[in-house]
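Colleague: Sharing a structure, written as structure tokens. Questions coming.
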Amino acid sequence: MKAYLDLLKDILENGSQKGDRTGTGTVSVFGRQIRFDLNEGFPMVTTKKLHLKSIVHELLWFINGDTNIKYLNDNGVKIWNAWADENGDLGPVYGAQWRNWNGEGIDQLANVVDQLKNNPNNRRIIISAWNPSVMPDTSLSFSENVANGKAALPPCHAFIQFYVADGKLSCQLYQRSADVFLGVPFNIASYALFTMMLAQVCDLELGEFVHSFGDVHLYNNHIEQAQLQMSREPKPLPTMKLNPAIKTIDGFKFEDFELVGYEFHPHIKGAVSV
Ligand SMILES: Nc1nc(=O)c2c([nH]1)NC[C@@H]1CN(c3ccc(C(=O)N[C@@H](CCC(=O)O)C(=O)O)cc3)CN21
Ligand SMILES: O=c1ccn([C@H]2C[C@H](O)[C@@H](COP(=O)(O)O)O2)c(=O)[nH]1
């Protein structure tokens, strides 16, 4: 995970101080890209312990088209609680856009599976979570926006393209806004896993996960945590095993994933800016 540590260093060395919506303030750079060959191990950050359970449940929750935190909370995952309304709703966030874009019955994920299987040379194999018609009004609260049919937060990982060459599946994500200490380690593992799941159900080998960033920032209250990570030696990457019996993208359950050989340095706490 040298690419991740290099990104932290780049932000600390080249970043500008920038205010932000949450009021915390960040050190920020614009326009960066990191890439991971998925044949070289599963890209889990090793310089702090990552909570894979939250990552897997969140991904299954997106795939289910779910936008209420109940499923996450029932499985002990609290990472979306701060933005949900009193009923647990987040409005039309990722799951809604992936499986039922704009409420129009457009299932982008099913279309991706179909194209990967039947038309892999296609240059239009895309999922867009970005939907201008559900952008929140930032002068209102999260729950007021949800009540108005808007998303509590606009998507950060917004645009995903898949690519097949030589029988290998690659994925590129455009992330418009990236919390490099808390969100990015989750996002890398999540999209690596998503690519592996799609490769399995579409009978493809693994290619790369390419992660492109817009505003990639370190919150000012995460600087010491980032420096501690940079002082640590990365460990070899683990291997992710998927239950080979699963042949549909909707067929995966939590028990179908096994991470083997994850070596890590101790967890590092950091407050999330809401
Ligand atoms: N400021 C901010 N950063 C984010 O990364 C982020 C948001 N907001 N809002 C929407 C989602 C929610 N995400 C989150 C929220 C919290 C954690 C977090 O607290 N992580 C801790 C605990 C992990 C756990 O409980 O499983 C960590 O140490 O990684 C991670 C991702 C990613 N997104
Ligand atoms: O998957 C995610 C979701 C969110 N983030 C971060 C990026 C920003 O720090 C905040 C969102 O705030 P905006 O003002 O809407 O940009 O959440 C992430 O890194 N990964």
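Placement of Cβ uses the backbone N, Cα and C atoms for every residue, glycine included.
Whatever TrEMBL says is automated annotation, not expert-curated.
According to TrEMBL, the domain 'Thymidylate synthase/dCMP hydroxymethylase' annotation covers 2-274. Marked as dUMP binding site by TrEMBL: R21, R123, R124, R176, S177, A178, D179, N187, H217, L218, Y219. The feature (6R)-5,10-methylene-5,6,7,8-tetrahydrofolate binding site is assigned by TrEMBL to H51, D179, S273. The annotation active site, nucleophile is assigned in TrEMBL to C156.
I'm curious about the neighbourhood of these features; can you describe it?
Modeller: A mean pLDDT of 98 is what the model gives for the domain 'Thymidylate synthase/dCMP hydroxymethylase' (2-274).
In the three-state DSSP scheme, R21 (dUMP binding site) falls into the coil class. The Cβ of R21 (dUMP binding site) has T138 as same-chain neighbours under 8 Å, each 6 or more residues away in sequence.
Secondary structure from DSSP puts H51 ((6R)-5,10-methylene-5,6,7,8-tetrahydrofolate binding site) in coil.
There are 18 other Cβ atoms within 10 Å of the Cβ belonging to C156 (active site, nucleophile).
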Colleague: What are the non-local neighbours of S273 ((6R)-5,10-methylene-5,6,7,8-tetrahydrofolate binding site), defined as same-chain residues 6+ apart in sequence with CB under 8 A from its CB?
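Modeller: Those within reach of S273 ((6R)-5,10-methylene-5,6,7,8-tetrahydrofolate binding site), by Cβ under 8 Å and sequence separation of 6 or more, are D20, T22, G23, T24, D179, Y219, N221.
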Colleague: Can you tell me how far the Cα of S177 (dUMP binding site) sits from the Cα of C156 (active site, nucleophile), in Å?
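Modeller: That separation, Cα to Cα, works out to 5 Å.
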Colleague: Using DSSP, would you call R124 (dUMP binding site) helix, strand or coil?
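Modeller: Coil, per DSSP.
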Colleague: I need the most crowded of these binding-site residues: H51, R124, H217. Count other C-beta atoms within 10 angstroms of each C-beta and give me the top one.
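Modeller: Highest number of other Cβ atoms within 10 Å: H217.
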